[in-house]
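Written out below as structure tokens is the structure these notes cover.
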Amino acid sequence: MSSPSFINKLALPNLATITQYPALTVGLSVFTFLLLVIDLCSNQALSQKFSLYPNAPFEFDLNRLSFYLLFHRGFTHWLLNVVGLFSPLAIFERTNGTVFTGVTLNVLAVTAGLQFCIVGKLLYPNTQVIGLSGVVFSFMSFMAYKEHHTTPVIYTFKYQGSEVSIPTLYSPFIFLIVCMVLIPGSSFWGHLAGISSGYLLALGYIKFLYPPSKAILFIERKLQTPINALRSLVVYYKEEEAIEQRGVSYNPLLSSDPESALNDIPVTTGARTNSFAGEGQVLGAT
């Protein structure tokens, strides 16, 4: 059973130490907020242009598959998604590198979006979705799969004299049901597609969608000057160091001390990045 302190660490970033957080995690939060402000000022013209609907890929409107996750219907929608995604994304980025994590976000958005559209052709042809919540569920299922090997049960409680256990592997479906009950207007099918994509990511079934590491290294070399300029603001995790860590055995979060699991991850200082916390062979809404 995970402790309350672990849950708090996952859910709430400490704004007082924001310069110690990964570049993409911070940048995505700021960028999506700016897009929200611009979208609201333009009477939601941007979100209408990039919202995902079931027929979009069949009409070759492919930009929607990548960009629908960047827009939100309002401040509350944005805040819930950013709070839910911030810490899981930071953990992933610290282990896998900044650019690689950006590619992962796009891969998850596209795979979840395609599933949503294929099912939607039959069940909800006129529904449109936007937002990061599908990716939140993707990282939830990704981590659930990784964690269940060492922590098969995430929570145990008593009900009418019987002990009930919640398997770690299937815990995302509990959150799916809770979200559906508490937020009736949320996209059940979009969240379900996000869960599916997270499992596919953890199992390595969508690794063919990733560019070779040489391409990422080439991009980083070309952007070395602006990357160095970011070091005083956020932590940039380079592909060169991340490559060495993807083969390291997974370091479970639930079975370790919650404080050290999230705090003992080195940060970048000066001109180089210190060693990563290993997360194993990893890859890489609504």
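Keep in mind that glycine also has a Cβ here, set from the backbone N, Cα and C atoms.
Database features (Swiss-Prot):
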type     : residues : note
ACT_SITE : Ser133   : active site, nucleophile
ACT_SITE : His191   : active site
TRANSMEM : 18-38    : transmembrane segment
TRANSMEM : 66-86    : transmembrane segment
TRANSMEM : 99-119   : transmembrane segment
TRANSMEM : 122-142  : transmembrane segment
TRANSMEM : 164-183  : transmembrane segment
TRANSMEM : 188-210  : transmembrane segment
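The Cβ of Ser133 (active site, nucleophile) has 25 other Cβ atoms within 10 Å, all protein chains considered. Of the two recorded stretches, the transmembrane segment (188-210) does not lie close to the transmembrane segment (66-86), with fewer than three CB pairs under 8 Å once pairs fewer than 6 apart in sequence are set aside. Long-range contacts of the transmembrane segment (99-119) within the same chain: residues 22, 24-25, 28, 52-58, 64-66, 68-69, 89, 92-93, 129, 134-135, 138, 187, 189-190, 193-194, 196-198, 200-201, 206, 209-211, 216, 219-220, 239, 242, 283-286, each at least 6 residues beyond the stretch ends and with a Cβ under 8 Å from a Cβ of the stretch.
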